[in-house]
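Engineer: Copied straight from Swiss-Prot:
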- 1-44: region 'Disordered' (REGION)
- 1-25: compositional bias 'Basic and acidic residues' (COMPBIAS)
- Ser2: phosphoserine (MOD_RES)
- Ser2: N-acetylserine (MOD_RES)
- Lys4: N6-acetyllysine (MOD_RES)
- Lys12: N6-acetyllysine (MOD_RES)
- Lys12: SUMO2 cross-link (CROSSLNK)
- Thr23: phosphothreonine (MOD_RES)
- Lys26: N6-acetyllysine (MOD_RES)
- Ser31: phosphoserine (MOD_RES)
- Lys32: N6-acetyllysine (MOD_RES)
- 33-44: compositional bias 'Basic and acidic residues' (COMPBIAS)
- Thr34: phosphothreonine (MOD_RES)
- Lys39: N6-acetyllysine (MOD_RES)
Amino acid sequence: MSDKPDMAEIEKFDKSKLKKTETQEKNPLPSKETIEQEKQAGES
């Protein structure tokens, strides 16, 4: 196996076979309020 991708393989790749997927955020960032509450809980 070489590190470089096989250009012939890339050229014959059919993009239409790819399915469109809806991106779902799995790890939404906590809100500022949540962060502040956790900070205060950790300090007490």
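Placement of Cβ uses the backbone N, Cα and C atoms for every residue, glycine included.
Have a look at these and tell me how they're positioned relative to everything else.
Structural biologist: When other Cβ atoms within 10 Å of the Cβ of Lys4 (N6-acetyllysine) are tallied across all protein chains shown, the result is 6.
Sequence-distant neighbours of Lys12 (N6-acetyllysine) (same chain, 6+ apart, CB under 8 A from its CB) do not exist here.
Mapped onto three states, the DSSP output places Lys12 (N6-acetyllysine) in coil.
Cβ neighbours within 10 Å of Thr23 (phosphothreonine), excluding its own Cβ and spanning all shown chains: 5.
The number of other Cβ atoms within 10 Å of the Cβ belonging to Lys26 (N6-acetyllysine), over all protein chains shown, comes to 5.
The Cβ of Ser31 (phosphoserine) has no same-chain neighbour under 8 Å that is 6 or more residues away in sequence.
Annotation for Lys32 (N6-acetyllysine): no same-chain Cβ neighbours under 8 Å separated by at least 6 residues are found.
For the compositional bias 'Basic and acidic residues' (33-44), same-chain residues at least 6 beyond its ends with a Cβ under 8 Å from one of its own Cβ atoms do not exist.
DSSP assigns Thr34 (phosphothreonine) to a helical segment in the three-state reduction. There are 10 other CB atoms within 10 A of the CB of Thr34 (phosphothreonine), with all protein chains counted.
Counting every protein chain shown, the number of other Cβ atoms lying within 10 Å of the Cβ of Lys39 (N6-acetyllysine) is 9.
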Engineer: Expressed to the nearest Å, what is the distance separating Lys4 (N6-acetyllysine) and Lys39 (N6-acetyllysine) at their Cα atoms?
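Structural biologist: Per the Cα atoms, Lys4 (N6-acetyllysine) and Lys39 (N6-acetyllysine) stand 47 Å apart.
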